[in-house]
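**Student:** What follows is a single structure, and I will ask about it in a moment.
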């Protein structure tokens, strides 16, 4: 396996900043996003993931976006890039760009329209992309609720070994199947760096032995979730459980106001980080809805 630094702690899957009509990127906000995250104790980001509305972006937009983030890269601030695309050739081009920018790693999700129906060709696609950047740490992006791939991550990791993809060093696990997650963490004596991608199950991920966590809510609730981890590691389970419940109560507002992405962008805007509305099919909140959300958030002011 490729030598690499394992991801530990919280990684924020960052939002893509758009103009007020969401038609173009607002790259002037990237540095403000990074500064705010650092203030909240976050020193690792994923760019152009699901939270970043990756498949709503053109290839040129993704290139411009990651170039803007890459300027901020330093040993104390790590940057990962989701290169996934419906075109494998486009994914390779994005992977090569990531390599040229000396990013810390890339995420790979195979195409989901002309999709593999068995594991060997699915992993062959991962291999084609990973082989194009042999010195780049690669993470398989496991999100069956979005991709409709029904395979377990464990079976995919086993096929990655059979196909000898030396630079796939881990995976982002955004499924809710904690049985599969725990098996993958401990597979081959913790060979792979398995990142929990479902923030709403953070306490469960910790119980399974998770050490790295990559998700959207760390943009807005980093201090709460860092406290949750500290309480759990101190064996203060009731305190950790209470913090996870508070997280659930805040994120339930996403259901009430349209989506987690919309909720997170609105909270960031209240903090002075205006990343614009999401692109369709998600929609911006009306002024009335924005006021209602502000009222609903008041009881959580100490956590946000």
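A Cβ is built for glycine as well, from the same backbone N, Cα and C atoms used for every other residue.
Just so you know, TrEMBL annotations are computer predictions that nobody has curated.
Quick paste of what TrEMBL says about this protein:
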BINDING   51, 214  pyruvate binding site
ACT_SITE  141  active site, proton donor/acceptor
ACT_SITE  172  active site, schiff-base intermediate with substrate
**Student:** Tell me, by DSSP, whether residue 141 (active site, proton donor/acceptor) is helix, strand or coil?
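**Tutor:** Its secondary structure by DSSP: strand.
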**Student:** Relative to the Cα of the residue listed as 'active site, schiff-base intermediate with substrate', which of the recorded positions 51, 141, 214 have a Cα no more than 10 Å away?
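**Tutor:** Passing the 10 Å Cα cut: 141, 214.
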**Student:** I'm trying to understand the geometry here, so how far is the Cα atom of residue 51 (pyruvate binding site) from the Cα atom of residue 141 (active site, proton donor/acceptor), in Å to the nearest whole number?
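**Tutor:** So the alpha carbons of residue 51 (pyruvate binding site) and residue 141 (active site, proton donor/acceptor) sit roughly 13 Å from each other.
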**Student:** Round to a whole number and give the Cα-to-Cα distance in Å for the pair residue 141 (active site, proton donor/acceptor) and residue 214 (pyruvate binding site).
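**Tutor:** On Cα coordinates alone, these residues lie 11 Å apart.
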**Student:** Around residue 172 (active site, schiff-base intermediate with substrate), how many other C-beta atoms are within 10 angstroms of its C-beta?
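**Tutor:** Result for residue 172 (active site, schiff-base intermediate with substrate): 31 neighbouring Cβ atoms inside 10 Å.
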**Student:** Provide the three-state secondary structure of the residue listed as 'active site, schiff-base intermediate with substrate' computed with DSSP.
**Tutor:** strand
**Student:** State the count of C-beta atoms found within 10 angstroms of the C-beta of residue 141 (active site, proton donor/acceptor), not counting that atom itself.
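**Tutor:** Step by step: centre on the Cβ of residue 141 (active site, proton donor/acceptor), count other Cβ atoms within 10 Å, giving 27.
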